[in-house]
Amino acid sequence: MKILLVFDFDNTIIDDNSDTWIVQCAPEKKLPIELRDSYEKGFWTEFMGRVFKYLGDEGVREDEMKRAVTSMPFTLGMVELLNFIRKNKDKFDCIIISDSNSVFIDWVLEATSFRDVFDKVFTNPAAFDSNGHLTVENYHAHSCNRCPKNLCKNVVLVEFVDKQLQKGVNYTRIVYIGDGGNDVCPVTFLKKNDVAMPRKGYTLQKTLSRMSHNLEPMESSVIVWSSGVEIISHLQFLIKE
């Protein structure tokens, strides 16, 4: 009987947003105004496709992008948390659901040797094409009107849990660790045994706090964190239960 840990990536595992961080590779470390202004709400992945094409056209190479991405700092206490999970892998399954991309997440997990902690990573698939440009695709299509069109994290989570159930793996509870607006959807579907862990001061925490003021129903408990070390304390409490 395991606990399922679900992690967001940007501003949760790492203490920044990998998509905006990569802009430091651009000439003068900024994007042209017309490219910046081309973003449409809900179409971030398409926007990043244009950013990666621009970087490629400007001669930014894979190794340069990799150096930038792997220099991103981890969030406070996150290294300790991931080491704690590794020591207790018999009690936890661990997945990432992220609106970043597979190349960036692979680079970070490899560079920090945390690949083994995660059983699965769900994110927008990315690859370098024959011109050396990074290309990124939408993770899936879905019909949820609360989420960006390329990724509904709730759909991903529900599908994963169902697949695991078919394999005979039944989780005692889900602990969801995230920060962003696109973490609201999966968190509101958590059940009464589950735990939502929003990062303090970020969009997810502010949204959940507003929802509780408006008395909007939420079944799971909510525990706010600033450091991965606080998450360790709560996980220790849950395994003792």
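For all residues, glycine too, the Cβ spot is worked out from N, Cα and C.
Keep in mind it's a predicted model, so treat the numbers as computed, not measured.
Taken from TrEMBL as is:
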{"type": "ACT_SITE", "residues": "Asp8", "note": "active site, nucleophile"}
{"type": "BINDING", "residues": "Asp8, Asp10, Asp179", "note": "Mg(2+) binding site"}
{"type": "ACT_SITE", "residues": "Asp10", "note": "active site, proton donor"}
{"type": "BINDING", "residues": "Asp19, Asp99", "note": "substrate binding site"}
Task = Inside 10 Å of the Cβ of Asp99 (substrate binding site), count up the other Cβ atoms and send me the figure.
result = 25
Inquiry  = Whole-number answer please: how many Å between the C-alpha atoms of Asp10 (Mg(2+) binding site) and Asp19 (substrate binding site)?
reply    = 9
Request  = Within 10 Å of each Cβ, count the other Cβ atoms and name the one among the recorded positions Asp8, Asp10, Asp19 with the highest count.
outcome  = Asp8
Query = Counting only residues 6+ apart in the same chain, whose Cβ is under 8 Å from the Cβ of Asp179 (Mg(2+) binding site)?
reply = Asp8, Asp10, Asn11, Thr12, Pro198, Arg199, Tyr202, Thr203, Leu204, Gln205
Inquiry  = For the Mg(2+) site (Asp8, Asp10, Asp179), what does the 8 A shell look like? I mean other same-chain residues with CB within 8 A of the CB centroid.
reply    = Phe9, Asn11, Thr12, Ile13, Asn17, Ser98, Gly178, Gly180, Asp183, Arg199, Tyr202
